Structures are given as structure tokens and as C-alpha cells.
Amino acid sequence: MGEENVRKRKGKDTREEDGQSVQSNEPQTTNLQKQANFFISLPQCARVGLISGICMIVGTIIGSGIFISPKSVLANVGTVGACLTIWAACGVLATLGALCFAELGTMITKSGGEYPYLMEAFGPIPAYLFSWTSLLVTKPSSFAIICLSFAEYASAPFYPGCDPPQVVIKCLAAAAIVVITIVNSLSVKLGSYLQNFLTATKMIIVTVIIVSGIVLLAQGKTDNFKDSFKDSKVSVSSLSLAFYNGLWAYDGWNQLNYITEELKNPYRNLPLSIIIGIPLVTVCYVLMNISYFTVMTSTELLQSQAVAVTFGDRVLYPASWIVPLFVAFSTIGSANGTCFTAGRLVYVAGREGHMLKVLSYISVKRLTPAPAIIFYGIIAIIYIIPGDIETLINYFSFAVWIFYGLTVFALIVMRFTRKELKRPIRVPIVIPVIVTLVSLLLVLAPIISAPELPYLYCVLFILSGLVFYVLFVHFKFHWAQKISKPVTMHLQMLLEVVPAEQVAE
């Protein structure tokens, strides 16, 4: 990468020579600047209407969870009726949480999700711990879970009647992570086009499963719904773990407020999109579970390696091959969406000086947040090596609901401490109170009723971010900067990336 192309701004060309800034007054607007502005900042013109907002919620939430979580939810509660109740309750909780985030998103119109809300309410330390946990735990583990789900469904047809070997699943998941990382590092447009195609395929398989289930119910396949609550496992621990797995399938309910400024009439369409979109997903999830239970008993569902594949084998034969194919597309779509949006949180944290600066840089040639995407891919592959899906979901959910609860609590706090802020959307105070209490219950229940050391390790890892905050953010030790500067410079030259703020003005 030539020095002339390292940094460009509108109206001037800046080159770094031995730490000096050399400027020319030649006016020019580069293609890099225009496209980087498009990627980093939200468009000035609103173009997303109510229908598009609903579709975005549905497309973001529906992914791998509904094809993986049914078995884990059932295993924790034991009966069909309790299982369906958990799925419906998770949808209610996701709707209430999304309404709280809608108020936050229209009150504090900054990108970065929970990060700016925690910063405004509690200051830099909770915000830093959120970015620390997201960067190293929740985001890459989510990426790993989805790719493991893809690998299970993609490999299932090749091992009929038995579980695929773990080494095959993990190698296939790692390959998926590498491919998705490369695609999103090379081109924003390519990642976007791939996402549009995969979103369409996921809705096809959801429709096929739901319609097939309705037809079977109409034919009288209701034996598995008799005495549906008999022998249910009702304990604080089992219910919380069931909620963890159910809520994993709803993950993404808080994403719409990332595009508040792109919505037409956001103060009307944002809450309407949430009130319509998430209940629509809830209906789809409950109907899909009902469809599963029309052809499988509770025992058969628990023994199935891939629930949707078993459903397809029993209902759609000889066209059952379409189920693993389209489920694989759906899960890859979710993984691609996770990777596609990976750069925004890192960008905001890097701008605040809370993360390595190089992770917030964008590619000069490709115009993508390549360092952040590559970093996510590497960490996700590390999570795949020792972990299985259910364990990863439990500890992902434990970590993420700590910050969901803290963020909603921030809404309650700012009702009293930041009364001057405009609130175009104002939810009844009882809603954030309910969500905060449920979040607290979800976090504490498994620790109190069935304590396990990994939960302690998770908490200690989150708190370990304080060490890095004190050393590198608060005191800003010079020796750390001396090490990071040459590393950043060499990574810039290797990856051909530049600071986003220097092309986003």
C-alpha cells in the first residue's frame, strides 16, 4: 500500500512521514471516503418502512436456534406442554426487552448497541466490561454456536441412523467460519447479497415445516399432546436453563434500534415493528415445535441428533433432503449476519479508546472492517475446539443476560438521573422493571440452585477486564503504547487498513 493511499480526507491528502503530517490542499473526494461513510455512519435519508422493519426483525431472529434449541428446552422441562409454554414465554420476554431497547435507541441515538447506553447511565467501566465481554465471549461464541449448528445439519445426511463424528462437525464448522470470514472481509456487497439469499431460504424451510405440521394436525396426529404437562420438571434451575436455550433462538430481538435513523417515522414504526415482528416469530416457533411433536414423541425428539432432519425423514420422504439443505442455508445465513455486523461495536469501543485501535480500522481497498472480522473468526474457531453447542449456549446466555439486564436497568436509572433527555418512545416503567427482575433471576438461578465452576469462571473472566481497563485505559501505561504502536503499524501495512474516523468525516 503506497503512502499516498494510507490516509485521505475530503479536501486534503495526508501522509505520515516519520511521525510528521504532510498535507496538500488539493480538493478531492475519494471513493474510499464515500463508501466508508456509507459503512460507518447511518444514511441520512430514511428508507426503511414498517414492513421492512418487521422483515428485518424476523430475518435477524430466525436462524439456527429453532433447529437446535427444541431438544435442550424439552430436556430441561421434560414435557410437551411445558416446552411449548417456555417458547411462548421467551417470545413475551423478548418483546418486552425489545420495547425497552426501542426507548433507549431513540433516546440515545448512537451506534454500538448496549455500549453507549451503559456509558451514559453508569460511566466507562460497565461499558468497557460490556465491550470486553462482547469482543471475547458473546459475539465469537455466538458465531461458533451457529457454525456448529450448520455443521451438525450439513453432516447429518451422510451419517443416517447415527451421530456424525465430533471431529467432522468441528472441522466443518471451522471451515464455515473461515469461508464466512473471508467473504465478509473481501466485500460488504458480497456479504449483503449472500445474506439476502440465505434469508429467503430460511423462510422457505420454516414455511414447509409449519404447513406440514398443520396438515398432520388436521389428519389427527395429536397423540403426543395428551397429558402434555404430566411429569414436568419444575425447578428454578431447570426453568432458567430452558429459558437460556429458548432465548438463544430469539437472540437478535435487540437489533432493530441499530437502524433507528434509517426508519421512516421511527417513533411509530419502531415499536410497531417490534410488537408485530417478535410475536410473529413467537407464533412461528411455537408452530414449528408443534410440528415436531406431531411426528416425534418426547423421547424420540431427545434422541434425535438433528430435529428438523428427523422431521423431514418422516414427513417429506423422498424429498427429505431439502430439510438439511435449507437448514444449513438458514444457519449459514445467521452466521453471515453475525459476522456482517461484527464491526460496529468494535468501532465504537475503539473510538472511545477502550479497545485496540487496529480492530476499529477498515480496509482501504475492500472497505470492510477486516481486522474486526478476522479477529472474530479466530476467536470463534478457538471456541469450537473444546466446546459443544449446549454448553456454549448456556454460558453465552449467562453472560449476555448479565448485560441485557444491566442495560434495561440503565433505562430505569436514567428515568431519574437523565430527565432532560428526550424520549420519543416511552414505555411504561413496569416493563423495564419486569425485564430487569427476570434477567436477574435468569443470571442467579443456575448459580444458586445448581452451582457449577464454569459460571464462576465466566464471572471472573468478565471482571478480569477491569485489570486491562486500569492498566491500559485509565493509566494508559506508556510501555503498552510502545508495544502496540509498532504492532498496529505492521498490521495496517499487512491488512491495508486505516482508521475509520479519518475517512468518515
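Including glycine, each Cβ sits where the backbone N, Cα and C put it.
Those TrEMBL annotations? Automatic predictions, nothing curated.
Record features (TrEMBL):
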type     : residues : note
REGION   : 1-28     : region 'Disordered'
TRANSMEM : 48-68    : transmembrane segment
TRANSMEM : 74-105   : transmembrane segment
TRANSMEM : 167-187  : transmembrane segment
TRANSMEM : 193-218  : transmembrane segment
TRANSMEM : 272-295  : transmembrane segment
TRANSMEM : 321-347  : transmembrane segment
TRANSMEM : 367-386  : transmembrane segment
TRANSMEM : 392-413  : transmembrane segment
TRANSMEM : 425-448  : transmembrane segment
TRANSMEM : 454-475  : transmembrane segment
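Among the recorded stretches 48-68, 74-105, 272-295, 367-386, the one sharing the largest number of Cβ pairs closer than 8 Å with the transmembrane segment (193-218) is 272-295. If you count C-beta pairs under 8 angstroms between the transmembrane segment (367-386) and each of 48-68, 167-187, 425-448, 454-475, the highest count goes to 167-187. Sequence-distant contacts of the transmembrane segment (48-68) (same chain, at least 6 residues past either end, Cβ-Cβ under 8 Å): 94, 98, 145-146, 149-150, 152-153, 199, 202-203, 206, 248-253, 255-256, 259, 262-264, 269-270, 272-274, 276-278, 280-281, 284-285, 288, 306-308, 327, 330-331, 333-335, 337, 389, 393.
Only pairs six or more apart in sequence are counted, and the transmembrane segment (425-448) with the transmembrane segment (74-105) gives three or more Cβ pairs under 8 Å, enough to call it a contact.
Counting same-chain residues at least six beyond the ends of the transmembrane segment (392-413), those with a Cβ under 8 angstroms from any Cβ of the stretch are 68-69, 72, 97, 100-101, 103-104, 114, 117-118, 120-122, 126, 130, 133-134, 137-138, 141-142, 144-145, 148, 241, 244-245, 247-248, 251, 254, 383, 429, 432-433, 435-436, 438-440, 442-443, 446, 454-455, 458, 462.
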